Each structure stands twice: as structure tokens, then as C-alpha cells.
6 protein chains.
Amino acid sequence: MTRHAQLFGPDHTFLGIGKCDLDEPATWADSEAVIMGVPFDGGTSYRAGTRFGPRALRGTDYLPHDGRRPHLALRTDGLYELNTRDAGDVDCFNGDIEGMVEKVGDAVTRIAAAGKIPVMLGGDHTIALPDVQGVARHHGWGRVSVIHFDAHADTGNIDFGSLLGHGLPMRRLIESGAVRGDRFVQMGLRGYWPEPETLAWMAEQGMRCYEMSEMGARGLDACLDEVFALATDECEGVFLSVDVDVVDPGMAPGTGTPEPGGMTSRQLLDAVRRICVELPVVGLDIVEVSPDHDHADITAILGNRVVLEALSGIAARRRGLGWDPTRPLLDGLGR
Amino acid sequence: MTRHAQLFGPDHTFLGIGKCDLDEPATWADSEAVIMGVPFDGGTSYRAGTRFGPRALRGTDYLPHDGRRPHLALRTDGLYELNTRDAGDVDCFNGDIEGMVEKVGDAVTRIAAAGKIPVMLGGDHTIALPDVQGVARHHGWGRVSVIHFDAHADTGNIDFGSLLGHGLPMRRLIESGAVRGDRFVQMGLRGYWPEPETLAWMAEQGMRCYEMSEMGARGLDACLDEVFALATDECEGVFLSVDVDVVDPGMAPGTGTPEPGGMTSRQLLDAVRRICVELPVVGLDIVEVSPDHDHADITAILGNRVVLEALSGIAARRRGLGWDPTRPLLDGLGR
Amino acid sequence: MTRHAQLFGPDHTFLGIGKCDLDEPATWADSEAVIMGVPFDGGTSYRAGTRFGPRALRGTDYLPHDGRRPHLALRTDGLYELNTRDAGDVDCFNGDIEGMVEKVGDAVTRIAAAGKIPVMLGGDHTIALPDVQGVARHHGWGRVSVIHFDAHADTGNIDFGSLLGHGLPMRRLIESGAVRGDRFVQMGLRGYWPEPETLAWMAEQGMRCYEMSEMGARGLDACLDEVFALATDECEGVFLSVDVDVVDPGMAPGTGTPEPGGMTSRQLLDAVRRICVELPVVGLDIVEVSPDHDHADITAILGNRVVLEALSGIAARRRGLGWDPTRPLLDGLGR
Amino acid sequence: MTRHAQLFGPDHTFLGIGKCDLDEPATWADSEAVIMGVPFDGGTSYRAGTRFGPRALRGTDYLPHDGRRPHLALRTDGLYELNTRDAGDVDCFNGDIEGMVEKVGDAVTRIAAAGKIPVMLGGDHTIALPDVQGVARHHGWGRVSVIHFDAHADTGNIDFGSLLGHGLPMRRLIESGAVRGDRFVQMGLRGYWPEPETLAWMAEQGMRCYEMSEMGARGLDACLDEVFALATDECEGVFLSVDVDVVDPGMAPGTGTPEPGGMTSRQLLDAVRRICVELPVVGLDIVEVSPDHDHADITAILGNRVVLEALSGIAARRRGLGWDPTRPLLDGLGR
Amino acid sequence: MTRHAQLFGPDHTFLGIGKCDLDEPATWADSEAVIMGVPFDGGTSYRAGTRFGPRALRGTDYLPHDGRRPHLALRTDGLYELNTRDAGDVDCFNGDIEGMVEKVGDAVTRIAAAGKIPVMLGGDHTIALPDVQGVARHHGWGRVSVIHFDAHADTGNIDFGSLLGHGLPMRRLIESGAVRGDRFVQMGLRGYWPEPETLAWMAEQGMRCYEMSEMGARGLDACLDEVFALATDECEGVFLSVDVDVVDPGMAPGTGTPEPGGMTSRQLLDAVRRICVELPVVGLDIVEVSPDHDHADITAILGNRVVLEALSGIAARRRGLGWDPTRPLLDGLGR
Amino acid sequence: MTRHAQLFGPDHTFLGIGKCDLDEPATWADSEAVIMGVPFDGGTSYRAGTRFGPRALRGTDYLPHDGRRPHLALRTDGLYELNTRDAGDVDCFNGDIEGMVEKVGDAVTRIAAAGKIPVMLGGDHTIALPDVQGVARHHGWGRVSVIHFDAHADTGNIDFGSLLGHGLPMRRLIESGAVRGDRFVQMGLRGYWPEPETLAWMAEQGMRCYEMSEMGARGLDACLDEVFALATDECEGVFLSVDVDVVDPGMAPGTGTPEPGGMTSRQLLDAVRRICVELPVVGLDIVEVSPDHDHADITAILGNRVVLEALSGIAARRRGLGWDPTRPLLDGLGR
């Protein structure tokens, strides 16, 4: 079902970590997290290009690609400590969205069923549907909450005549029962979509959505405090879904549906860090990175850092380390 | 005087709204706002390219160009509720700045005289002169205040031997009496221009100018509170003039005279929203978007959102809706 | 089935010509050629982006978009004289290649059945299958020859597990009998694909393929002479399929699978001109223009000129005009 | 009237040659050629940006900017042997095309009147009018022929309501009598402009225009042989006007109105070389280089090489050297 | 040892200030600050391109290059009031890092020895070693503190087998004793480098390092208050070293080793301003600007503004002016 | 001495071929050609960036990276038939050109000594010195001829005070006696460098240099015929050195010292093909590809095709196949 060679370009793993093969469980038996790419943009409603997302997210970094990334502040190395492996790309065809969703669902289900954390590299946001469902199959249907960073709610009903697409997965997820509407949190929304009918549907599901202005007026940490309480109420785990367009397009231009007025890169990294240190994250995806629209790889490396920040935080949580942002960097180091 | 076909490229309206023709008043009789483009960069002192601003501001959006844009947070649709129409471009020649100023003045005057809000898409900032004068002819010479977002004061006296140009319009406006100097507010200034003599002239006129550091030290909302008191004192209406270079060039590179250290996109959108919800805006322009220097259309879509944010706010004000940034997005929706 | 509004961006027609609606035959009854776009890149094997091809091919030109384009050398105006209309985009979804092929086939069939020349703007080369089949349904299954400009043979069998895709349409066409293998001519091939097995299959079909070196060694016109004899032997009409990657990527970078060592732009335009003046062209497509990878719109305008060159040539043929490249431009003009 | 400091950016001369000041004749008394820039794009009908042409043409070269450029094949150094000086930019305002034309005319007239060769760096092609008129005032009204490389005839009548503009100068020139229509030669024309009425006017003037296909079918040198006979018949000197868009936009993208199917860079350089070695060139301009639309400076350096090729050829002619392209490069060198 | 002509491109000074020659002390005897460029990228560990940094830092500004830059808020003109001169580039070869370090050290030493402030334009960060050592030779070995803005600590030991390189200078500096480890402050660190061993070494030296999250949680000004106390304790002067990658790559993409999550441009400019107004700055460098990776010159102009902000602040300090960010811009101006 | 992991980015081999390790001869014992990269730009005199050349040359291709590339026209697969292996990058530091030259010389010597063909991926042209010397050590000092495609002669004496650099290697080679001056052929020269003294030196060595105009006037094949006679006279083997800037910068912009007026991509590929089919090529390098200055990877893939074209030709020569460009592509294939 999967293969190591990347679909669109040369074969390399995420920052040089070891390969594994989903079909050979021994190759990832000792990993706590497994990375897979989904080089797909057939579900996008505007610009394509996210099919090159996995290639860029894996390979964009100025440091040696040696499979090690010690986090400066958290003092953990998520790649190394979690023995993270790269299972390559899901083998999908851009002209067949249904086939893609099925294959991704199978892959995520297998990873989650083995008790590992799937780290899915999009690709467009369509994959959130099989990503979260795959995790929920293992951790409990309706027992996983979702924290979703995005400029867009992605709760549309039908687009281009299809029930699948990058603007629709969150509706499908809630409809399927994989996630309860009132355990679905969205941060960073803004702009002019969706239309009132869809907003009403979202309200009816009990979703909690933070528009940028609310986050600005109340502060990111105050909002996160609220989110954390919600996300852990009657849920066994948290799925973190990060659409890179939650960041302002001025800072992250390499994406397909840019909506001005977003978070800063710093805010996103801080939020991801806190979530992964403080909550039981059971899966994550980073989506909508489109290298064709990027400049000097700044969006790709931001996406790469979202993955590292998350794995570093997960490792810190597993080692029982907390995180205090006011602690001086070198505090307690040295002789 | 005007024509629908755009001067530089294919013919399309602002996000697909209906066309109108200034020469046929029936076509815009039921509109509350009328959009026009001024594809002109003959007044720029450095990079050209803003002649393509109107084309980009009208056409840059990943959503369907269907003439509808429901604002997520304000719950209004400025394009639809104000029955906004697009009157095409003012027919101007880049090698003739005097002719341009005259034609724009005529167009704005006609729109304002009919009680409509002119929404002018630059082009370079030279157009602020005929824009504001056109509005003041209707609402009262010296009875319209100006809130001006810009990195630059645009109060120079002569440039390239000309009294007209994109660095000079604010001086001409105050000299003409169309706007009182002490009802002219500038936000976002920074850098190394103008020189002390011009600053002294500005002080003598009683202008109130907020440099970026003051806005940073005191907070955007505190400054806006001050501005709002000033702008509505002895004035019937407010003209909002937004030079996109008020935003940091790192976030809005598509402009001709980039000055580092500006506002974030988020700050600008929040400010525009608050101004249009709380003040009697009688006209606006968005200028200095230069698509040739943009990347992935991020500056163009920011300019597009300035227009939408303004129209959404105006619609909210007309419907008597306020705006509370701390209110949850979905609050009160659903059954 | 079709709609006028373009799928990805503002609504405009090819250089400002009149709109028509396939569902309202009266709107195109007096047209000799009908333009449609297929904003699809779900069949691409590498870079996406051709979904924006129709938008770029229609809208890229520095001249006024007024529906007129008098050809300097041929002294015809293909847009005007053929009363060419634009029927908008075929409404397709990138994640559903089968649906796209069916819809395009229906559209082309209707245009051809009415005796009009379909001018299809890709999108990726997958559309050649429904394009040529649609024409062959009217002009005779196996009675239409194909002249195919491309760096690639596009005769692959299966890619990404699919029988449809941009590397496969020519095999499907010949297999279907819509075109005889020995009436299928390819010009501009080069590089390292397809593999020997496929080349053997092509030889068995009797295809005639000109690699770049042969065209260089023998001369373009000598090759075209040969092609013209072949293409009109036992065939009622000629379909012209132009993949913009036939031109050297140094001159036409805006495409998805660039293969160095191609034709010059000048050679392609001369060849298209001669073909359309001298042969009974019954349909054409221009594909694989990917604006995301273009620079300063040079590939888009080259594609636009391929359409104009073809329509100008068709108009010249209908008026009985020939073309002599050695005739001075102004010869016979003036009083 | 002139100043050394460049209008748009830092002050530097053409490849580091010495400065001069038109107002101080002693500073250029011993120069045979004088370079001036015209940083103007107010006459363009589409993309702006040529105001940065002079800056780019002067400063784009990877070799040391030391005022020396020995031509490899011609074995002359046009910058050094002609003691070429740089008189800076004509001080013009983009919003005032009439003022620009007057100032450029004055400058060129002064240079030509002193027996020097003006080398004008555009800016847009509007400057050809004052350039050639300035030269004709000295060498004889109607006694200077023009060899004009361009994709476009630039013989329009009125554009944007103006008699001045970059599409019109050649008509104004012929109307003024500065150049006889039958001593005006155009090479490289192509595309869809101007319309038949203008072509008829051109024919009536006796112009000789070479469309790209004629140049391709007959060969560049055969065409040049014809041109040379015409250009020296009853004329004292030749003005060479090179619009960089004569080269294919695939090779020279940095220009405002790109028309596919042009000359190669090699062809243009060979033609300029032969013209300047064989004909009495009395002035030249290189126009329409728009750095904003360039990539990696390839168009700017091509324009720079047009100047060097011309000056090298002029120096060779003055020293009585001919040029035989078949002579081996190192022939006759060494001991 | 030095020369005025720039190594990579045309010769121009920093915004048009006067030239000087280090070898002719009279040419800079009355200057308080001397600018030099180091066009070197041989020490970079990833992308090259900073060799063009000096050219870009000197020449990027939309205002006239006339050697004057009155600071809007501080009301000083650092270029003019300090009589700042430009001594050209240090003549170095990218393939010889040892030679470069020696030449830069000599140049800085001479400037500092004369009591002037060296303002060094990188080039890569390798130059911080000779920059600070040169200053310490005059102001006291171990008596100069360093405030270092950077995403990276640059305290590596060996890279590519070399003790010199852009990731190592701060270790060499502390090892040499030129700067005490406990007077070395770093702001803006983040990411995944260096590894724990190096962090331990840094802690042992007593360095104080502010990771981005600490700066975010505590506020920039609170951190600066702390820094200021440290930097002036037992030190005669402060060296300010600014690596432009301290700013978020979304806002400053033109650099070689971009690390997401950095400061905003506004924050950096405010910090530089406060440092130079309040502390005895004796030298500064701005490094790692790589124009090849920039967009629309936004990073280059940010670097240019860092220099201007610093010189403006130094001038204000020398004139005894303080800076109150809450003071209205025009306060006290006018009659 | 070597390592597999690439210095600047992820680890991948040339189009997916197998790895080998120079230090483990068994890993390449059955290879006829060995590929190595030299990620170095410390010897460049203008733009850097070629350090990323090896990464780009290895990884740029839209086809699957599977280690197979059957040549369409030659019907050979150079990668597969020669069992070509990739030995990774030479481990070098950009700030130490002497160390680089030594390491590359060692590597090439080892490959050549084993009877294999070294295929060196630059990096800048400095490497030609150790490349050719390494080959000459095995095949005979003074017994290897060089065919050198370049815009520049690269025969300078000293640059930046160094005897090593990308403008100097050919002088060093001839001085060392590794290659006889009269067996050194250069094709594609043009422009304004080197100066007459160097040209005289070249003539004295008996070098044969073809300027572009000679190649244009006489035809590429006529020149090659001459070259072939020279190159095989008293020489055992031929080294092919291709600087990508021999191609016109309009078609190959991704390089550091672009000189307009070059060959077309087609001409270069045809020449390389003919050389490798007809002559005993014993080594080759492709240099000066600078991905930072490329657009849409067109220069990188051109460089990649130079390697494939060469290996395909070498394989054809070994199998005794000739090449007739007029033979139809499919001739003799099929049943």
C-alpha cells in the first residue's frame, strides 16, 4: 500500500530519520511516532501544488539531515527520543480523491492501531477526514477531540459536486461521529467563508471557533486555557490538525487559499508547543503547504518546524517535563 | 468619462459584483457604494506598477467571484447589502497626471453628490487629492476628516518639479481647505521622510500623526479611541485612506516604497473594521498595491480584504450592529 | 453542463470575445469556432497548475481585450472573421478524472456535431482523449488524423494505477480506433521517455514520430511536407494538439514536465501557421500551460498566440488566402 | 538640465566609465560617444517598469565596473577607444510625457550638435521621437535613416488620448519629416498589431518592414544586405533603435509588451555588430528593458551587451577594421 | 588594503554619503562613524549569497541617495550628524576565509583605534570575530560587551573542518578573551541548534541567552532592561551584532539559514533604537543579508534601516536626546 | 574523504542510481562511470550558489527517480548499461579553495585510476583543474585533450589575489602540462573577457577557440568535425567540460556569470551527444549551475540532461552503435 520512494521527486526521509515500511511491522515496532506523506492536491478548490508538500516538509532545513533535532528550549529531541520513522508516501492519484481517502484511512488506522502517533504530511486538507477517523477507530469513535488551526472552518457540504474536498472534511468528520461537534475546536478563523447556513450548522454541532479578533482581544494563552479544558473533557486523546494558512499569508505565502490577517509564525509554534506538552496528542497533520507558491522555502520550513515542535513537545510530555516560557534558556545547564 | 473594460487586462468587476456606468445614473441609483479603479502610477517616485492595482484588487480571491462576501465575524455582506456596483476604471494616461486628477475628481464628485460612498482602487496615492476633494464638495469643504494609514506622511511640497505626485497629496488637500489640518490623522508613520521643514509645516497645521512606536507603546485601540474623538469633532463624515505600505513590507511586499517596521495585516484589518463600524465613513481609497512586486498575490488580497472589511463594517453600522471582538464567533447562531 | 464563470478566478472571455452557452445553441449558431476551457490538472504526473491554464490563456495579452486580433502577416482576424465565441469552462473537479473526461467529451461532441471547430484550452493533456474522440464522432471514427506537438509521446499505458492521465491519452485514442495509428504524427519528441516497450507498441501502430534531432537535421519545413502528405491521406480532417512543452523550457518554462532541447517559439508558431493555412483543421487543443511555473507570463502568452495563429490560419484557408513567408509585410498595401 | 545622480537608486555610471555634465562641455569634449539615461515609463501602454532601465543597463555585468570592455571578436574596446562618458539621467517626471520629450530632445540635440554619438538608455520607446529628431537636427532633417528592431511597428496614431506614447513615436518621426518613410526600416515585427489602417499608412510612407517569418525564410544576413543598401541611400547617417522586445520573450522576459516568436539574443547581437561595423551610425537607443519583469538580470545584461556591441562596432569602423565571422578567434594573435 | 570600488557590482556608497580611504586618514578624520562592507559568504553553512549584502545594504532605498536621512521620531540624522563616511569593501576572496578574517580585523582595528565607530556590513557572520576583536583592541580586551541578535547562538566549535565559519565566531570571541562570556547577551534564539554540549559550554561561560518564547512571555522591554544592566557592568562599550535572521523569515526571507518564529521587523528596529540611544555603542555589524533569496528587496531595506536606526540613536545619545515612544510625533514642532 | 550524505540538503543519488563509497572499491568495481558532486562556489567571481548544483543536478527530473533513463533516440540507457554509481559529494569547505582542489584531485585520480569515467557535478569551474589532472594522471600527462563548452575562456592568471578560481583553471591546466595547449578546444566563447594579453597567451599555447559568431556562420557540425580531428590527434582520451553558461542565459538563467548570445539548449545537447558517441571520452564535468538563480528548474534539468546525454552516448559508443540524426525515431522498432 505504501512505498518509500516519494511520488514527486527524489527519495529522502524526514530530515534523514530511518525508513520503515507499514507492511513490515518490525521496521516500526519500536517507534512511538510514524511519519507519512500524502502528495495530493486533487481536493483543492483553488491553487494546486500541495502534492509537493511532503517532499518540502521532509527536506527543507539548513541543518544536516541526520535524524536529530534537539529542541533548544524544551531540551528534548522528538525525532530521536520517540524513534520516529518515515513510512514514505501514501501511493495516491490526484485524479481519484476517493481512492486517496481510502488509502490514507487504511494507513492511519494501522499506525494508530499499533499504538503509534501518526504524523501526516499533506497534501491538501481533505486528508483530515481519514486522519482523524483512523485515529478514532483506535482511541474511540467520538472519544478524540480535535484542535484545528486554520483560516477556514472546512465545514462545507458539497464542492464541485463532491462530498470530498479540502473545504469539507470537518463536516464529514462530525457527521460520521468520529468526533463530537462539541469537542471540535477551531482557532484562527477569519474572512468571508463559510456562509451563514454553514455557520448555523456549526453552532448546532456545538463547535467552538475562535476568530482571529477574539484571539487578539483575549490573548492566545487565555483562549488556549479554554480550549484545553474542552479538549480533554470526556476524550481520550487529542488530534492536532494544522493548516499552514492559519498563519498570515505575509509570513507563510506558500499555500493555496491565503486569507490575510492570520497568526504570526511565533504564535503558531508557541501554541503547538503548549498543546503537545500539556495534552495527550494521539495524532497530527500539517497540511496545505504548497511549495510552488512559497518564497525561499519559508512556508516549507515553518511546516517542518510545526512537526518538530509537536514531536519535541510530545517527547517532553512523555518524559514528564513541563515548559515554562519565562525560564532562561541556559538555566541549570553547565557545570 | 469612464468605461467598464479595464485599461490593463481583461474586463472583470470587483469579485463579480454588477457593473454600472457613471454616465447612466439608473445603473447605480440603488447602490450605496460605487467602486472605481484608477490604473495610474505616473505619480510614483520610485517603483511603478500600481496601474495594475485595480485589476489585482478586483480579481484576487480564491472564493467564487459571485458578488457575495458574508463577513464571518460581523455577519454582514457589504457587497450585497450595500448593493455595491463597479463603475470600471477612470480612463487615464500615465504620462498626464493633471488629466488624471481632473478625471478622478469628476468621478468622485458625481458619486458623492448622489449620496453614495466612493470606493477608489489605486493606483498611486496621488488620487487621494481628488478623492477627498470630491467627497468634500458634497459633504462640506472642511467638514470631512481624514484617517490616513501610511508609512509616509505624503505631505511633501514639490517632487520632480511637480505639485502633483504620490508624496504630496495631503499637503494639497490641507492647503485647499478641503480638510482641516487638525482633522487630519495619520497612523503608521515611520522612517526617514519627510524632512524637518515639512514636519514643522505639519505641526503648524495641527495634524495628529502616530509613529509606529507610539502605536506600539500605547496600543492600537488606545490610539484609535483618541482618533475617533478627533475625527468626529465638527465633521460630518470621515474619509479613510489606506496606503498598503502601512503594513510591514515583510507582510505586504507588493508596493513601491517599502518602509520596514510597519503594522501587521491583522492590525490593519482590525483598525479598518472598527473605524467603519463606529464612524460615519463617506468615502475610502486603497492605494499603492503594485502586483509586479507582490508574491503569490498576498498584498493584492490584503488590499481586497481592506475593501471588504470596510464595506462589511459600513453595512454593520447601517444596520445598527456593533462589534465586540471578544464575542465567540458562533455565539447566538444555530437553533 | 457548462457555465460561463471561470472556475478559478474572475470571469472573462478569450481576449474579450463574446460569450456563448453550449446549452443555448442560438448563442453560437453563427460561430465557426467555439472556445472552451478545461481547468484540470488531476491527470498530471508531476507539477500541477494547469487548472489555471484556461484563465491565463484567455487573459494574457497586453493589447486591449476587445475581441479583435488582426494577424500582421496573414491579414486575417481569426477571432472576428470566424465569429469565435467563448463557451466558458467545462465544470470539472480535479479529484475526479473520469467525470472530467466524460464532460469534456460531451462538450466537444456537441461543438463538432454542429460543424464548429472546438478550441480547447487545457488543463493537462488528458483532455486530448475526449477532444479528439469528440471530433471523430462527427468527422468519422478513424477519419481524423492528429498532428501532435509535444516533448513526450503520451502513449503510456497505466500511470498511478489509472488508465487516464496526461501521459496516456494517445494510446487510448489509438486503441479506441478514433484515430488510426498510422495517421498519428508526433513532432518535437525528445528525452528519456517512454521506455522501449512503449516505443515498440508505437511502431507497431505505424505512428510517425519526429525527434528534435531529426527536425534539426532535416529542417522543419521538410518534415512538415512529409507530415502534410500523411495527415490528409484517407482522412477528412486534422486535429492539432499542442503541448506547450514542445517548446524549449528555457523559452516556455510555465509547464509541468519540462524537457530541455525543444523547439523555439518561432518554430512552433510558424508550424501552426502553416498547418492551419494548408490543412483542413477540424479541432485543436493547447495544453499543459501552468501559470504557477511561468515567468512574466511568457508561456501563457505563447499559448495564447498558438490559438490566435491557428484561428488566423483557419480564417486564411477559408478565404482562400495562402501564405508566402518571403513576401514583404507591407507588400500590396497602401494606395 | 541633467544631473549625475540617477533618479531611481544609487549613482553609478555605465560600467564605471567617467562622468560628464552636458552643461560643462569640457567634460565631454574629447568623447566620441555620450551615454544618457531616460528613466521614464509614463508612455507605456501596459506594464510599467522601464524607468529602472537606465539603472539596470548601466549596472548589470559580472565583470569589474572599470570602464573597459575589450570585445573578444572585434578586438576593440568601444568604451575606452571612443572615450565614452556618462552624462547621467535626463531629469524627467513620469506624469509629464510632454516635458520628458522636450528635455530629451534638448539633450540629444546638444550631444549630436557637438559631433558626438548619443547613446540613449530607455525608458520606454517614446524617447525614439526626441532621440532621432535630435540627431536629425544636426545631420540633416530627412537625411538620417532609421534601422528599428522591434516586435511592434510603433506607428500608432493616438493612444490613451495622447499623441505621445511608446506605441506612436515612429509615426510622429515620419510625419515631422525628420526621417523619410522610405528610409525607415523595421526588423522583427510580428503579432497582431497594428491594425490594417495603420499598415496601409506605413505602406504609403514607403516603409520597409521585415516580419519574423520573412527573416526566418530568407535569412538574417540576406535581409540585412537589403537594409544596408536602403539605409545608406541619400542619407548621411543611420540611427539604430533597439527595442529589447524584438528578442523572444522566452529569452528576454524583462519587458512590458512581450510578443512571442522573436529573434534570438545571438541574432540581435550579430545584427547590431554588423550594422555598427558597416554603417555610419550617428546615434542609438536601447529601450523597453523593464527590470521588474526580468529574471536573474538576463534582459538587462542583454541590453547592456547591445550597447557594448554597438560601441565596439563603431570603434572598429573608425579604426578601419572589418569583421569576418568565420575568422578563428585567436587568428593572428600571439607571437 | 581596501578599495572603494565594490567587489560585486557598481561602485556606490551607503545611501550616497561621502567616500573615504582607510589608507588616507585625512579622508575620515572628522567622521564619527565609518562604514565598510565585507562581501564574503565563504563561511556560510548552507545558502551563499551574502557577498552581495554590502551592495544591497548600501543601495536599497526608495529615497534619494543624497547622504541624508533625518529620523522621523528621533529627530536626528545619523549619516549627516556623525559625518559618516564609506570606506568601501574589504578586499577579500571567498575561497580564503583566513585571509578575510585577517583583513577585516586590520580594518576594524584601524577604525576603532582612531576613536571612530566601525559599521560593518556583512557578508556572513564570520566577520563578528574580527569585528569585535578589532574594537576590543582599542576599548579594552574583555571590556566590551556584546548584544547579539540572532536566531542562532553561533557558538559552534568546528564546522566543515574549520575553526572559522558563520556558526562559530562567538565561541572564538569568548575563547580569545576579547569578550567575557558573562557580558555576552543573545536575543532571539530559537530552533534546534546548537546541541546540548554546546549549550552547556555556553552556560559555563555565563552567557545570557533569550529564546523567543521568553521574550514573548516577558516582553521585549523587560528583557532589554535586564540586558542593559548586564551590558554596562564593568564594560566600557557595547558592540551590537545583528544577524538579520533574528527576524522571522516570513518578514525577512533574504537570508541563508532561516529559522521560523522570529521577531517582527518592528521589534528589531525598536530594540536597536533603544540600545543605541541608551548604551555606549562602540561598533556594530549587520550580517547575513542574502539578496539572492530576498523578495522585492524587503530584507535588504530592513538591514539598511538597522544601520540608520543605530546611527540615528547614536547621534541622539551624543546630543543628549532621549527617546520616549509615547511622545506624539509632531509634539513641540511647528511655531 | 567522501561521504554519501549531501552537504547542502537531503541525501539522494543521481536520479536514484545506487550509492557507492570511494573508500570501499567493491561498491563500484563493476561500474563504468562514477558520479561525484563538488558543492563549492568559493571560487566564483560574481554570484555564488553553485554549491547547490550537485543537489539540483541529481534531483531535478519529473520522471521517477529509479535509476533508469532509456534515451529515446540513441536507444541506450547510460545509467543502467554503464552501471553508473553515485559516490556522493566531495567533502569541502567554501572558505578553503586549496583544500577543495586537493580533495577533488584525489577523488578523480582514484576513479580514473580504476579505469572508470569520473562524472563530476559542480560546483564552480575551479574543479576543472583537479578533474582533468586527475584523469591525465591515469591516461597520460599531456595525452588527454579537452573539449570545453563555455561563454568564457577561463584562462585568467590571478583573480582576487589567488591562483585558483573559476576564471583560471584552464591556464593552470595548460601550465601544468596535463593538457597540451594545442589539444585544448573551446566552443561558445563570446563577450568582453579575457583581455588581449590573455588572448595572446592563449594563441601562443596553440589553443583553438570558437566564438559564437564563427559557430553561427560555419555551422555547429562543421566546427565539430574540425574539433574531432584535433582532439584525437596524439591523445588517448577526451575530457568534456561543460559550463552551463555556454547556453544563452535566456534559456539557462541559473548560473553566475551570464553572457548573452549563447548556444541553444538543443545545440548543446546535440554536440554532447555527437562527442560522446564519436570520441573516447574519459571524463566529464558539468559546472556552474546555480539553482538560486534558476527559474522553474530549467537550468538544473538542462544540466541533468547533459549528464544523461553524455552517458547515453558513451554507452552507445561502447555498444558500437552510431547515431544518424535523420533516422526516424521508430525506425526498425516494433514487430
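Here the Cβ of each residue, glycine as well, is placed from N, Cα and C on the backbone.
Per TrEMBL, these features apply:
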BINDING   F:His125, F:Asp150, F:His152, F:Asp154, F:Asp243, F:Asp245  Mn(2+) binding site
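In sequence order, F:Gly167, F:Leu189, F:Gly191, F:Trp193, F:Pro194, F:Asp243, F:Asp245, F:Thr257, F:Glu259 are the residues near F:His152 (Mn(2+) binding site), counting only same-chain partners six or more apart with C-beta under 8 A.
Apart from F:His125, F:Asp150, F:His152, F:Asp154, F:Asp243, F:Asp245, the residues listed for Mn(2+), the same chain places the Cβ atoms of F:His148, F:Ala151, F:Ala153, F:His166, F:Gly167, F:Val246, F:Thr257, F:Val287, F:Glu288 within 8 Å of the centroid of those Cβ atoms. Note on F:Asp150 (Mn(2+) binding site): other Cβ atoms within 10 Å of its Cβ, all shown chains, come to 25.
All protein chains considered, the CB of F:Asp154 (Mn(2+) binding site) has 27 other CB atoms within 10 Å. Counting only residues at least six positions away in the same chain, the Cβ atoms of F:Gly43, F:Asp150, F:Asp154, F:His166, F:Gly167, F:Pro169, F:Ser241, F:Asp243, F:Val287, F:Glu288 sit under 8 Å from the Cβ of F:His125 (Mn(2+) binding site). Annotation note: F:Asp245 (Mn(2+) binding site) sits in a helical segment as assigned by DSSP.
A count of other CB atoms within 10 A of each Cβ picks out F:Asp245 as the most crowded of the binding-site residues F:Asp243, F:Asp245. For the recorded site, F:His125 (Mn(2+) binding site), the DSSP three-state label reads helix.
Annotation note: F:His152 (Mn(2+) binding site) sits in a coil segment as assigned by DSSP.
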